[in-house]
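Single-structure report; data block below.
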Amino acid sequence: MEGTNLMPLPTAIDKFEFLSSLLLHFLESYYVICQYFLHSEQEFHPPCKKLSLQCQGYIENALLENSLSDYRCLSLDIVNNCLAFLVNQHALSTISKDGESLMHPNHPNISNILLDLEVFLPAFEKNNYSRLSLPAAKL
């Protein structure tokens, strides 16, 4: 910061832009994964490793339909972090059924997360045709 002005130093601007671009990819992936769980007709999902591949496939379809524009949303690290965050938010839980470990989505929590994302990032819009409108980086 310079003097009493609340302006970032020119050297910090690049760092802010880099961090905001990382955050945007995470939020886009998080939003699409929440949409996946909300629209999925499955009550139970496979364990995390296989589930992350299914979510990655859903994100890939969004890219192919031009609902998303950045391939970095396909990152398995981002997808796994999104799933871990959903578990931490009690929107996704691990249960044992017939001796098999399965993931169970909590639809009310997932709906609340989507609403929060739409309030936090107003450029997220619901679209009745299953295409997502996602924001450009505006942080």
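Cβ atoms are placed via backbone N, Cα and C, with glycine included.
Taken from TrEMBL, the feature domain 'GPAT/DHAPAT C-terminal' applies to 14-93.
Residue counts for the domain 'GPAT/DHAPAT C-terminal' (14-93) under DSSP, split into helix (H, G, I), strand (E, B) and coil, are 60 helix, 3 strand, 17 coil. Within the model, the domain 'GPAT/DHAPAT C-terminal' (14-93) carries an average pLDDT of 91.
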